Each structure stands twice: as C-alpha cells, then as structure tokens.
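Taken verbatim from TrEMBL:
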| type | residues | note |
| --- | --- | --- |
| TRANSMEM | 14-34 | transmembrane segment |
| TRANSMEM | 91-110 | transmembrane segment |
| TRANSMEM | 130-157 | transmembrane segment |
| TRANSMEM | 178-205 | transmembrane segment |
| TRANSMEM | 280-301 | transmembrane segment |
| TRANSMEM | 321-338 | transmembrane segment |
| TRANSMEM | 358-377 | transmembrane segment |
| TRANSMEM | 415-443 | transmembrane segment |
| TRANSMEM | 463-482 | transmembrane segment |
| TRANSMEM | 541-574 | transmembrane segment |
Amino acid sequence: MGTSTILPDLGTQIVIPLCAAIGIIFSLIQWFLVSKIKLAHEKPSPKNGFNESLIEEEEGLNDHAVVRKCAEIQNAISQGATSFLYTEYQYVGVFMVAFAVLIFVFLGSVEGFSTSSQQCTYDSSKLCKPALATAIFSTISFLLGAITSVISGFLGMKIATYANVRTTLEARKGVGKAFIVAFRSGAVMGFLLAANGLLVLYIAVNLFKIYYGDDWEGLFEAITGYGLGGSSMALFGRVGGGIYTKAADVGADLVGKSSCAALVVASISSFGNNHDFTSMMYPLLVSSVGILVCLLTTLFATDFFEVKTVKEIEPALKNQLIISTVLMTIGIALISWIALPPVFTIFNFGIQKEVKNWQLFLCVGVGLWAGLIIGFVTEYYTSNAYRPVQDVADSCRTGAATNVIFGLALGYKSCIIPIFAIAISIFVSFSFAAMYGIAVAALGMLSTIATGLAIDAYGPINVLTPKVFIGLIVGAMLPYWFSAMTMKSVGSAALKMVEEVRRQFNTIPGLMEGTAKPDYATCVKISTDASIKEMIPPGALVMLTPLIVGIFFGVETLAGVLAGALVSGVQIAISASNTGGAWDNAKKYIEAGGSEHARTLGPKGSDAHKAAVIGDTVGDPLKDTSGPSLNILIKLMAVESLVFAPFFATHGGLLFKIF
C-alpha cells in the first residue's frame, strides 16, 4: 500500500548530507568567531615547549595578572581533561574490540555461520542475506558508532576547555559578550556532533545498501549496531566523565544515537516492503530539519537579540526553546507532507496498520511539544527565579537536614508532570502509528521512549506470565543498583581528592597564602585513576544484563527487564537531575543575593549558605552522573537487546529449556 512521495529519492540523497554539511560548516563559522578574539602568545614553557594562546584584554582591561591566572587554570584543566580522555579511551578501546568480537560470534552463530541465504523473518516468501552477513555488518556499524562517539567526546572536551577562559575574560566586558561566546562555543559542539552523527549514519546506510540490495530488513537490522556503539561509548563517557568531573570539577558530555530502532520498524513496514527510500529516511530527514531549525534559533540568540543583563539570560534561553519548537513543528509538517505517501502501513505486532501522513506528523509533534513541557517543568523546579528553589534555599535557615529533605521532596514532585507528558505522548503516538509512532515521537522529545521499540523484536507479551513478571521486578531494580554504584563511585573519588588536597595544604609551604602552586598533576592522576576504576562495575552491569537475561531466561523475561528499567529509570532520572539542580541553584541563589529574601539568607559563610553548600555537594552526583547516565542506561539496554535479538530468539532461554 502507499503511493510515491513528493520528494524524490534523489532529493533525499541530497537533502540529508547537505543539512549535515551545513551543520558542520555553521559550527566551524561559530568556532572562527570565538577564536577571532585577539590572542597573545607567551614564551615557550620548558615543560612542553609551548603554552596555549591567551586572550589579550581590550578596552582598558589589560590586567595581565588576571589573564595569566586564567591561562594557568585553563592549561591545568585542558591537560587534566586530555589526560583523562586518553586514559579512559585505552580502557574503552579494549572493550570496543572485545564487544565487537562478541557481536560477531553471537550473531554469526544464529545460523551456524552459514553463508547461504535464509528466509526473511517477517516475510517467509522472500530470501534475505545470511546471518553471517548480519554479524559482519552489525560489527562494522557498532565500531562506526563507537568511534563516532569517541571522537565526539574528545572534540566536546577540547571545545569546552578552549572556550572556558575566553568566556571568563569576556565576562569582564559585560554579560552580553560572555553570553555570546558561551552560546557560540556550545553551538560549535552541538552542531558538530549532531551533524557528524547524522552524516556517518547516512553514509553507513548507503554503503551497506550496496551489499544488501533489496534486503532492507537485514540492512537496517545491521544498522542497529551503530546505535549500540554510540550509546555504549556515551555510557562510559558519562559515567567515567561524571565521576571525574565531580572529583575535579571539569565538564564533559557525549552524544547518543536514537534513530536506528525506528529504521528497523520501518524496514518491515510498507516503506521497506516497497523499497521507498525517501519514506525510510524519514527519521533522518527529521534530524536534518532539526539542524536547520537549530541554526536559525542560534542566530536569534547571538545575532538578532542582545543579552545585556544577567536577568535577561534565562528568558533568552526560554525563548530558544519556544522558537525552536515552533519552527520545528513547521519543519516536521513540511517533511511529513513531502517525504511520506498519503497512506502507508506500519508493522504492528504481526499485522500491518494503516497510517496517514498527518498522523505521523502528529506523533512527532506530540513528542516535540511534550519535550517543551518537560523543559519548562524542569526549569520551574530547578531555576532560582521560581518558588520551589527559593523554598529549598529558605529551608537552609534551619540547617542541612531540612535542605536535604526539601530538595528530595522537590525532586519527587517534579516527576509528576513529565511522566504524564510522556504517557500521553506514548498513548497518542502508539494509537496513530504503533511502535514506529513512539520512535518518531522520541525524535521530537529527545527522550528515552525509543526503548519501547525493543519489545517489538520479541512480539506481543502477556504481562502476567511469570517469565515477564520476574523480568519486570528485576528491571525496575536495575536503575537503583546502577545509581547506587555511580553515587558511591563519585563519593570514593571525591574522598581521595579531598585527602590529596589536604595533604598538599599541609606539606607545600605558601600554598594556603597563594604564593606557591599546587601539584595539579597528582590531583589529575588521582581523579583519572579513580574514575576509570569506578566506571567499570556500572558499565558492566548495563552491558552484561541484557546478555545474561537473554541467554539464560529468554526474550520474554528480557522484555520484562526492559519495561521495568524504563518505568523506574525515567522517574529516578528526572528526580535525581531536578533534585541536584535545585540544590545547586539554591546555593547560587543565596550567593548572588539578588533579592531581599536571598540577602536575608546570606552572605557566603552564613549558616544558611553552609547548609546550601552541603546540599549542592550531595546533589552533584545526582544531577551530573546518576541522572544523566540513567537515560543512557535505558536506551543502551534496549538497543543492545535489538542487536542480539536474533541470537536470543534462536538460542536464548537456556534455563527454561533445561527445567
């Protein structure tokens, strides 16, 4: 069923790489604008032969002592971050190779490493490529996704450390200048990583298509390895980086991929059956439009409107969300009209469900606007401009205990509206376009709902069966286990750092007075070694759970594990992130003293401020490590289950077969 699309296949072949190229070019332009700030070079240092360029102060602000101090801090941060990444990537490289071998062996063994064609899973009347081909190409796509994510992490860290000192020194000229530098630096990272991820995925699809030909089911099943590679590296980067940052206070972030599961569902629907390339690429076209929309939105922040005061920053960022959502809605409507046939079918648990193009537009739209609502709710509960954070700050009057109590209550309460928004978007999108609707809604929402797609690989479940129920219980427990691991890891790393700092204060003469330099290298080594060591257990928990459950308990139990992890993980992630954010901003609210109420709680050093600092310290691992990592946990377990689904379906459930 279905008719041709308005946008021809040739147009799709041009639009997607063109948008990715535009994103890369725009990021380079933003980088050029940031680096245009005048630089001055110091003499070569005896340690490494050179120093990084420094900002030359303008407009009568030639305080070279400040510039030199900022340069020292930047060099220390940059060297520490680079040292951490190199050390982490040595361990991650070993994992990458080992897991690639595992993918090849498991998927190749589905048909005994046969090189003969096999019946297609969802259409037995057709022949598909051998399982060995799926094993090979899944392994290749896994490595592509992993390498892309590793490069993204490295670039993200370098861009962040490059921009820090420039933003700091520009702030001396005014909030507006600092805001523009910071925003442009963020744009460099955001556009570069998003465009690279899209471009590499698109190139992989086209290269794989040369071998697979008309076997689109096998093609897009192999492509899921790309998402697994990207997500697994993002997990290690987030967990390891989060532990490192909370021990040494350096920032980093990595990107994950989420279009692969949507492509799998589409490949066994009318898009794949009719070999409609443009419709198949709908998720990538949506991402392409997103790059253009974000480009226009960025210009609103940096060129069309000027931020002059601190109070204008928050409304400016809020306007970014609104403008991008409105523009994206228009863009999605256009793409849905030209890239989708008026009527088509979507695979839905063994049957083909008839869907209209406007219904798929609503699926993406409901996810997009749900994401906006979640963003506003998050801002309301974490910004010190609103009552919830102000109440947390006010609770510091009576000590740290009440601060912690109010913060936890805020985090729990902040889950209510986001969960309803997610639930409504799931219901609407599934009603219109089954699992594919949920997948494209996730593209708009930028959430972890694509996890639900993994269940599609295993067929419909009766939820009350014992196999599924035990999976639900265990799956709901996993986010708590994972969070406990990551939070304890941050505490252990921070403890070692505190001990080292105390040792230096006690043993280095003049350090307390500021006349001597601290031993940065030892601090960096302690933080790096601790974070690398501590990231392995939680990473192993996430990567091994789907394999162990799938092999020994089968696909039904694994489906229960994924569902349980999704239900509890989403709420823990929201609560942890918002609780930590609220504690952080409550401390800043007291320190800033921007209102009469805030001034009654301060200044720095007051009992209320000390209580707020304790809350902020407790909240750091919640908002920077456990919360963000849970999002990757949910997605990674689902994508990993999709990749290994053929093996689990063929050889899984060993315990139930024995007993």
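Including glycine, each Cβ sits where the backbone N, Cα and C put it.
Automated prediction, rather than curation, is the source of TrEMBL annotations.
By number of Cβ pairs under 8 Å, the transmembrane segment (280-301) is matched best by 178-205 from the list 178-205, 358-377, 463-482. With a cut-off of 8 Å between Cβ atoms, the residues of this chain six or more beyond the transmembrane segment (358-377) that come close are 282, 286, 318, 321-322, 325, 328-329, 332-333, 336-337, 340, 414, 417-418, 421-422, 424-425, 428-429, 432-433, 436-438, 440-447, 449. Under the criterion of 3 or more C-beta pairs below 8 Å, with sequence separation of 6 or more, the transmembrane segment (541-574) and the transmembrane segment (321-338) do not qualify as touching, having fewer than 3 such pairs.
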